[in-house]
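What TrEMBL says about this protein:
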type     : residues : note
REGION   : 1-35     : region 'Disordered'
TRANSMEM : 150-171  : transmembrane segment
TRANSMEM : 178-204  : transmembrane segment
TRANSMEM : 224-257  : transmembrane segment
TRANSMEM : 283-302  : transmembrane segment
Amino acid sequence: MALPHQGYRATKPRARAAPPSGDPLLFDDTSSGAPPINNQNYYESGYNMGAAAPAGQGASGANNLFTDPMASAAMMYGSSLANQGKDMVNKEISRFMSVNKLKYFFAVDTKYVVKKLMLLMFPYTHQDWEVRYHRDTPLTPRHDVNAPDLYIPTMAFITYILLAGMALGIQKRFSPEVLGLCASTALVWVIIEVLVMLLSLYLLTVHTDLSTFDLVAYSGYKYVGMIFTVLCGLLFGSDGYYVALAWSSCALMFFIVRSLKMKILSSLSADSMGAGASAKPRFRLYITVASAVFQPIIIYWLTAHLVR
């Protein structure tokens with residue numbers, strides 16, 4: 001009896017022994033012969049005993065992928081697109097922020113950090129406040145203690161957040177929401193201060209070499225005084241807090257006035273011509289003093305709730 005025609009891939013037939021000649025056969029033995037194969041290399045009957053692909057076929061396919069001219073061209077085209085995208089991203093970032101200039105503000109060492117911290121807390125004995133230059137380029141902070149940096153403000157901001165969390169924990173008032181509000185408030189105040197300074201310099205047409213990074217650095221130095229104030233408040237109570245607040249506020253105001261004076265008031269001769277020239281020195285002095293007086297207010301606002 002012929003089996004139903006089904007499509008199965010051809011395999012090597014297996015030989016079977018012939019049945020005994022003495023017994024009658026109920027069915028014809030068709031297993032010893034090769035099944036018929038159609039024109040698509042499939043058996044018409046039997047089980048699917050398809051042979052496995054050759055062992056080297058996968059490796060040869062991978063090699064063909066790299067030797068194929070179309071595949072190589074596609075890979076080269078994709079690589080060129082990735083490089084173009086990287087260049088576009090770097091170009092857009094450079095429009096708003098210079099990476100090389102940002103590296104300048106983090107070029108510090110341990111000696112500079114110690115000297116700068118001492119200058120921020122004890123600025124009264126410092127004599128030379130002028131930023132030094134080499135071939136019209138300001139020296140890096142590690143070579144000039146008067147140069148502004150962003151390392152100390154950044155580390156002081158992080159330390160202030162950690163100290164605020166510890167203070168809130170001691171007072172049983174710690175929660176992630178309160179700590180997040182404290183961090184965001186401190187950051188927003190710096191942003192507002194920098195924007196106000198930039199707007200004031202623009203409206204008063206003050207020509208100065210102060211950059212946005214410089215203003216962020218000078219505005220961020222207040223975190224050092226805030227850390228000192230909170231520590232004294234935690235160790236010595238409210239009396240220690242107010243003494244430390246007065247000391248750090250006076251030191252920071254003195255530092256800001258002397259530093260910004262060299263930046264804002266040093267180019268008076270370039271703007272001394274024309275109408276209203278006599279008012280420009282006064283306006284510049286107002287900007288310098290206002291930015292200094294504003295620092296104790298922010299320090300008190302951001303630290304008073306941490307010491308109770």
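For all residues, glycine too, the Cβ spot is worked out from N, Cα and C.
Because TrEMBL annotations are produced automatically, they should be read as predictions rather than curated entries.
On a predicted model such as this, the values are computed, not experimentally measured, just so you know.
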- Message: Check the transmembrane segment (283-302) against the transmembrane segment (178-204) for contact, please; criterion is three or more CB pairs under 8 Å, pairs 6 or more apart in sequence.
- Response: yes
- Counting only residues 6+ away from its ends, which parts of the chain sit with a Cβ under 8 Å from the transmembrane segment (224-257)? 117, 119-124, 152, 156, 159-160, 163-164, 167, 170, 218, 288-289, 291-293, 295-296, 299-300, 302-303, 306-307
